[in-house]
Every structure is written in C-alpha cells, then in structure tokens.
C-alpha cells in the first residue's frame, strides 16, 4: 500500500476526538486532522486554524497529565529528603546521596523505556494493536535484565562512595539507604514500560491519578514510620520503595482489568522473548540520549565546587538549577505528548499530521518557556529568597538569572524536539548529537571560560548554554528538513517486519 499517496477518508470536524460513551481505545488518525490539512477547498489559514483546534485539544490532554506525573515523581524524592532533614543533618546528607545515586538508574530506565514510545506508538497508529502487549512484555524483560548489574553496583555502594571521596559516616549511612532503594530498580523497569504503553494509546490521566495518590500515601506512611514507629531514615527508604511498587501494581492492575485494552493487552506471550537483543540496541540509544541530557546540568553544579568561592557558587547554581528543573517538567510533559502524537500519526500513515503535531507542540512549549523566562527576569531580585535568606547568595542568583532565562527558553524547545526523535525512532542519532554538543563543545568551552578566563560560574554556564544552543539548532534543522512521507514509509516497514516475525529495527 502506498501510504504517502493514500487518500484519507474525510470525517466530520464536529465529531468529538474521543466518544465519551466508547469504552474501547480508538486510534487517533480518525479524528479529521489529516483530512483538514489536506482539504484543498479550504484556505491555508482556515486549515491551520481548524488543525490547531484539533491538535491543541489532543496535545494538552496528553501533556498536562504527563507534567503532573513527572512533578509527582520528583516530589516523591523531595519529600523523602525533607523527612530525612528532620531526622538529622547526617541523615539528610545520606538520603541526598542515595537519591542522587539512584538518579543514574532512574535516567537509564526512563531512557530505555522511551523505546516503547517509538514502537508502541507506531503500532497503535497502524492498528497493530496486538503488538503493543508484545512490546510491553519485551521491554519489561530487557529493562529487568539491565537492572541485574545495576543491583550489583548498588550493593557495593559503600566502597564506591568512599572511592569518590565522601566521608566514611555519610558513605556508610548512604549505602544503607541505597540498599533500601534497590527494589526500586525493578519497579522502574515495569513502571516506565507500562507508562509508555499507556501513553502510546493517549491514556495518560490514570497514571497521573495513580502517581498523585502514591505521593499522598508515601507522605502519610513516611510520617508514621519516622515519628510513630521510630524507624529513622531507613523507614524513609522503605516507604519510598513501597510507594513505587504501589504505582507499578496499580498500573498493571488497570491494564489487566480495563476493557480499553482488551485489544492491546491479550496476556503473556512467548513472542515477547524474540528479538530481545535488537530491542536492547534501540532502547540503549534512547537511554544514552536521555541520560546525557539529565547529567549535563548536574555537571555544571559539580564544576561549581571547584571555583574560588565554592559555597556561594554551589548555593547560587543549585537554586538556579532547582528553578530550571521545575520549568523543565513542563517541557518534559510536551516531550511525552509530541512523542505519542508523532509516532501515532506516522504509524497511521499521516505525514502532514505528524509534521503539524511536531511544530504545534514546539511552538506552544516555546511560548510557555518565554513566559517563564520573563517571569524569572522580572523577579530576579526576589526569587532566591524562597530558598535562602543569605543576601550574598541572593545577589549571586540575581546575577545568574539572565543565564537561567536563556536556559529555560532553550529547554522549552530542545526536549520537545527530542520527543519528536523518540516518535520517529532517531534516538541513536540524537545520542551522537548530544555527545558532540554537550561533552565535546559545551563542557570544555565552559571550563575554558570559567577557569582559564576566570569568568567563574558565568563562564561555565555560558559554555554549557552554547552546547545546548548548538544541539537545539541541529535538531531544529534536522526536523525542518525531515521528509515526513519517508518517515511514514520507514514506520510502515518497521512494523511490516513483524509479519515475518522479525525484529523491527531502527532506521
């Protein structure tokens, strides 16, 4: 079938995107977007207006719950540190080290799980519903296998922390805290694959409600274990692990019993054991892409500890990074939404819809990020007092706010384009771009400006902004030059390989 020249059936634009009375998940292409964009009798402005009305409705329905999910997931780690801080300063340091160490496996599992977005999203758009369950099982197996060496690594966290120069007391307490978090590794393996399985079908709100309920449960149980059962900071670790497994169990139960998924989840299958290596290669590219992005800002904070006034530099940069991370969650929500939209439309053979979804999400996220950046500049002299009462730190934060504003704007574009890459299956290519822009250009230039030319924190941040800007411009150019008809054909070939029971490979 020639999908690039296929005539898409016109639908009534008054038809709602999702029929409230329908209990079965329906594919997104049958909503009129492609027919609007290809309707020659309508003027260009009219097509854009009607297409935007359709797309924005879908986009925000996906992005808002996704933003809530990522905020809640971050909130679980933050609440654990808050309780640890009330137990004692050493406990806070141990919990902070433990959570920071677990960001490694969190980013790894989140990145590998994003491969499910590519395959499930395209299979769903192409009406290959039975393959979604196969992809879900295969991804869970691969991530669980990757979790085994990570478990071994965290089991020996004490000597590793000592080797990294941490104090013995903090290293010992941190290693005990990490031991209580180890079961989370396998919770991540199931959670992120199940979450992407749901997102590929535009089912996002249930995960948001489950995550919010788990956060409330975590806060309640942590209070009980710390103040009633007197379990100390180890009780905080145990409750955090239990809370993640509550999320996993709730999502799996929802998938198993909901009639929405009777076509996409048909039970366990031996087919999930086929092609594990090929899936690992695709998911490894996703993991590298996301991990390199997550670690980039952390390196900025680490380098600040080497400056002339490390305490003030660390405090000011940590405050700026906290604000940046909060705004970044909005972009990550749009990242998830555009990944679903792009993969769905490519799988359905709708090149114009995939193109329109890409640029609509990019524009909306850019506008939001500019608004956030302007707010940061406007309140630059006051925002730091949310975190500290130190006037010197507040002054340093105010001086860094222009750099923070630029970072926020770039972070409003770059994650969305990364979401497009996931939807199209470009993870490995973007990983190479990230390595070059971040670690070959951004960090070395930042070190030269910060240490050699003595621009201190501003110099380091300038170099890293340069790396992010270069990466963003490359992704913008690649996305602009994309032949969406060819991407549709690639998606079709990737899915057609399953008819021969072969593994769909990344193009």
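Placement of Cβ uses the backbone N, Cα and C atoms for every residue, glycine included.
In Swiss-Prot, the feature transmembrane segment is placed on 209-229, out of the ranges 209-229, 482-502. Contact between the transmembrane segment (318-338) and the transmembrane segment (209-229) is not supported, since fewer than 3 Cβ pairs fall under 8 Å when only residues 6 or more apart in sequence are counted.
Only residues 6 or more beyond the boundaries of the transmembrane segment (141-161), in the same chain, are considered here, and those with a CB under 8 A from a CB of the stretch are 97, 101-102, 105, 108-109, 112-113, 170-172, 174-175, 178-179, 181-182, 185-186, 188-190, 192-193, 272-273, 276, 279-280, 283. Counting Cβ pairs closer than 8 Å to the transmembrane segment (403-423), the top stretch among 209-229, 433-453, 459-479 is 459-479. Within the same chain, residues 68-69, 72-73, 75-76, 79-80, 83, 86-87, 235-236, 238-240, 242-244, 246-247, 250-251, 254 sit at least 6 positions outside the transmembrane segment (209-229) and bring their C-beta atoms closer than 8 Å to a C-beta of that stretch. When the stretches 58-78, 287-307, 359-379 are ranked by Cβ pairs under 8 Å to the transmembrane segment (92-112), first place goes to 287-307. Below 8 angstroms of C-beta separation, residues 17, 28, 31, 99, 195, 199, 202, 204-205, 207-208, 211-212, 214-215, 218, 240, 243-244, 325, 329-330, 332-334, 336-338, 340-341, 357, 360-361, 364 of the same chain, each at least six residues beyond the ends of the transmembrane segment (58-78), sit close to that stretch. Of the ranges 233-253, 287-307, 359-379, the one with the most Cβ pairs under 8 Å to the transmembrane segment (178-198) is 233-253.
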